[in-house]
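The structure appears right after this line, and notes come after that.
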Amino acid sequence: MEFPDLGKHCSEPTCKQLDFLPITCDACKQDFCKDHFSYSGHKCPFAFKKDVQVPVCPLCNAPIPVRRGDIPDVVVGEHMDRDCTFHPGRNRNKVFTHRCSKEGCRKKEMLQLACAQCHGNFCIQHRHPLDHNCQAGSSSVSRGRSSASRAAEQKPSGVSWLAQRLRRTVK
């Protein structure tokens, strides 16, 4: 049993195959089989209207014009070598931007470490006033001991503190 109305014949003059799932060319609007549906497969006279490729550069996202017959990959490669405006070294954000203000030190830090007295920017090694010879508050910073070490020395230890508290309650 045949179904003469089912499917369509390929419009290619040399083929004329009955195809149950024909593909219509979007340029010339004719029906073709799977072997002849491409523009080059049936030598479409209107292919120049549809066969336009404009690849985009993967680096700078600019459209790259491609002439007929040129391979798009080659044209994009040439653009990347010659005309591309993307420069990875120039556009990259620097991570270590805060340079140490101590003479002779060339270290850079991710975060700004400012001295509370002179407000200079220093690295981890030179962030304390004693480490960078801070001149702004020289009277409050002694060379022998810092105020933190003196406060720790004046504070009684756990056992002596407990003993003092017990003496006060006994009296």
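Backbone N, Cα and C atoms are what each Cβ position is placed from, and that goes for glycine too.
Annotated features, as they stand in Swiss-Prot:
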- C10, C15, C33, H36: Zn(2+) 1 binding site (BINDING)
- C25, C28, H42, C44: Zn(2+) 2 binding site (BINDING)
- C100, C105, C123, H126: Zn(2+) 3 binding site (BINDING)
- C115, C118, H132, C134: Zn(2+) 4 binding site (BINDING)
- 136-151: compositional bias 'Low complexity' (COMPBIAS)
- 135-171: region 'Disordered' (REGION)
- 4-52: zinc finger (ZN_FING)
- 94-142: zinc finger (ZN_FING)
Spatial neighbour of C115 (Zn(2+) 4 binding site) that is closest, considering only the binding-site residues C25, C28, H36 and their CA atoms: C25
Residue from C15, C25, C33 whose C-alpha is spatially nearest that of C134 (Zn(2+) 4 binding site), among the binding-site residues: C25
Extra residues within 8 Å (Cβ to Cβ centroid of C10, C15, C33, H36), Zn(2+) 1: S11, E12, K16, Q17, D19, F32, K34, D35, F37, G41, H42
Per-residue pLDDT averaged over the zinc finger (4-52), given as an integer: 86
Lowest local Cβ density (other Cβ within 10 Å) among binding-site residues: C28, C33, C44, C100, C123: C28
Euclidean distance between Cα atoms of C25 (Zn(2+) 2 binding site) and C105 (Zn(2+) 3 binding site), Å: 71
Candidates C10, C15, C105, C115, C118: member of the binding-site residues with the richest Cβ shell (10 Å): C10
